[in-house]
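A short worksheet on the structure shown next.
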Amino acid sequence: MKGRIELGDVTPHNIKQLKRLNQVIFPVSYNDKFYKDVLEVGELAKLAYFNDIAVGAVCCRVDHSQNQKRLYIMTLGCLAPYRRLGIGTKMLNHVLNICEKDGTFDNIYLHVQISNESAIDFYQKFGFEIIETKKNYYKRIEPADAHVLQKSLRSPCAPPAGELQKAD
């Protein structure tokens, strides 16, 4: 299947499309606050189009936890018939490029259901590592446990941004 993959903004006009995609793709449902917040994150939320058909989406938020600036991937998914066509790669690269351009993120992370081997493989190809497993992370789905996958965006020897010493 040859096709054109494009990313587009999430707007009040197409947020229902995002909602429908998420309902089909993910085993968990997201509340209205999730969608309200998604409209505020700008480039961190994108719909993915395959030949002008909305087939997937990525939604992230900035998270300040563990004394770090982290990017959290809330959702990244694509309808089953359109998988393995490079759409997920395009969405993840979009997010990684934002982090790279910004230059102040310590890492990027997400939760993946422990049984979702294809997602785990996908993220590991991009240098994500399983850093912990959260018991009973999900409600009402089995298995309820989630792996936390994380990709470090700084070399361990680099000082955190804003702490670079100025030469006199």
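Quick reminder: no glycine exception, Cβ is built from N, Cα and C everywhere.
The domain 'N-acetyltransferase' annotation in Swiss-Prot covers 5-154. Residues annotated as substrate binding site in Swiss-Prot: TYR30, MET74. Taken from Swiss-Prot, the feature active site applies to TYR72, HIS111. Summarising the annotation, Swiss-Prot assigns acetyl-CoA binding site to LEU76, GLY77, CYS78, LEU79, ALA80, PRO81, TYR82, ARG83, ARG84, LEU85, GLY86, ILE87, GLY88, THR89. Per Swiss-Prot, the feature CoA binding site maps to ASN116, GLU117, SER118, ALA119, ILE120, ASP121, PHE122, TYR123, GLN124, LYS125; the stated evidence is similarity to another entry. Under the heading region 'Substrate', Swiss-Prot lists 137-140, citing similarity to another entry as support.
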Could you give me three numbers for the region 'Substrate' (137-140), the DSSP helix, strand and coil residue counts? 0 helix, 0 strand, 4 coil
Give the sequence-ordered list of residues that share a chain with HIS111 (active site), lie 6 or more positions from it, and have CB atoms under 8 Å from its CB. LYS134, TYR137, ALA146, HIS147, VAL148, LEU149
Could you say whether, by DSSP, GLY86 (acetyl-CoA binding site) belongs to a helix, a strand or a coil region? coil
Which chain-mates of ILE120 (CoA binding site) that are at least 6 residues away have a CB under 8 A from its CB, listed by sequence? VAL112, ILE130, HIS147, LEU149
MET74, LEU76, CYS78, ALA80: which of these binding-site residues has the sparsest Cβ neighbourhood within 10 Å? ALA80
Measuring CA to CA, name the entry from the binding-site residues LEU76, CYS78, ALA80, GLY86, SER118 that ends up nearest TYR30 (substrate binding site). LEU76
